[in-house]
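Taken verbatim from Swiss-Prot:
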type    : residues                                               : note
BINDING : Gly80, Pro81, Glu82, Ser83, Ser84, Gly85, Lys86, Thr87 : ATP binding site
Amino acid sequence: MNMDTNDKEKKNEGIDPAKLKQLNLAVDALEKQFGKGAIMRLGDGSAVMQVQSISTGSMTLDFALGVGGLPRGRVAEIYGPESSGKTTLALHVIAEAQKEGGIAAIVDAEHAFDPSYARKLGVDINALLISQPESGEQALTIVETLVRSGAVDVVVVDSVAALVPQAELEGEMGDSVVGLQARLMSQALRKLTGAISKSSAVCIFINQLRDKIGVMYGSPETTTGGKALKFYASIRLDIRKIAQIKDGDEIVGNRTKVKVVKNKVAPPFKSAEFDILYGEGISAMGELVDLAVEFGVVKKSGSWFSFGQEKLGQGRESAKKALREDHALFQQVYIQVRELMTGTAEIING
């Protein structure tokens, strides 16, 4: 008798044999009708699924998400104020998916996609699928078709606020359209979520913030498109600018904070901070310096940074420059930080 049979017998101890027989018949019938895996015991080896993910392009955010990035087969929402880095973050996810040989698509409902900026962030423009739909229904049908194909790794919808229902487009200016978009999103996500969960795709919805009228207590901010996306999203990321980055008097980027507001695959409410530089995106060097100091790989004494016996320079910018110019040094620091992060992540996630 093999181990699997022994395990099954242990799990079935105490269950009425007649009930067990009826259960097995029901499971067989369901699998015949809907396919293998339609229903399974959570304790079975076949049911234990490792959460695969796609990197966000930020080591700190990947760490905060608990699974090394955005989980595949799930819906993610990235929201925040205007010009906070929502699209930049989504483009980094696309670039990371393409680096792994994946296929990515962007549904540009805002009709504002900038190919030259995406290229600077590492996106392969020639391989990227892009659609600029005329209505919300068309946009969400395109998303569903791409996901059901099973060939796409990342689909980005930019943005929920721009998903205008067909009825609103065909109506007159000033017509009452209360709840139309929320209803559209609710219907679409009911269909989409099942299709996405059976695929290896990450579906990212970029969303904007609006102010709720007449709110006296609590946050007056809310996202567009109703409550369906909040419910169906496995990951919700709140992205904000917290400071400007200056080179002398010139503003060259923003210090950005991302809070994991919702996480169904790991502990939520963690946050990540990193630099987004204009024309470059997430600053990998700046992030590595910050993490190296945090994990004790790089020592900071006053304003001086050092790695072992080697001085990297005075000030954060000098340390970044030293890592950028010495690839072997960069690799050493990166590997040590990565090992410490992975070890810490395993301890935290138990």
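Quick reminder: no glycine exception, Cβ is built from N, Cα and C everywhere.
Not measured: the values here are computed from a predicted model.
By the criterion of other Cβ atoms within 10 Å of the residue's own Cβ, the least surrounded of the binding-site residues Gly80, Pro81, Gly85 is Pro81.
On its own chain, Lys86 (ATP binding site) has Ile78, Tyr79, Gly80, Ser159, Ile206, Asn207, Ile239 as residues at least 6 apart in sequence with a Cβ closer than 8 Å to its own Cβ. Counting only residues at least six positions away in the same chain, the Cβ atoms of Lys241 sit under 8 Å from the Cβ of Ser83 (ATP binding site). In this structure, Thr87 (ATP binding site) is part of a helix by DSSP.
Apart from Gly80, Pro81, Glu82, Ser83, Ser84, Gly85, Lys86, Thr87, the ATP site neighbourhood in this chain, defined by C-beta within 8 angstroms of the site C-beta centre, holds Ile239, Lys241. Cβ contacts within 10 Å of Glu82 (ATP binding site), excluding its own Cβ and spanning all protein chains shown: 8. In the three-state DSSP scheme, Glu82 (ATP binding site) falls into the coil class. Shown in sequence order, Asp158, Ile206 are the residues of the chain, 6+ apart in sequence, with a C-beta less than 8 angstroms from the C-beta of Thr87 (ATP binding site).
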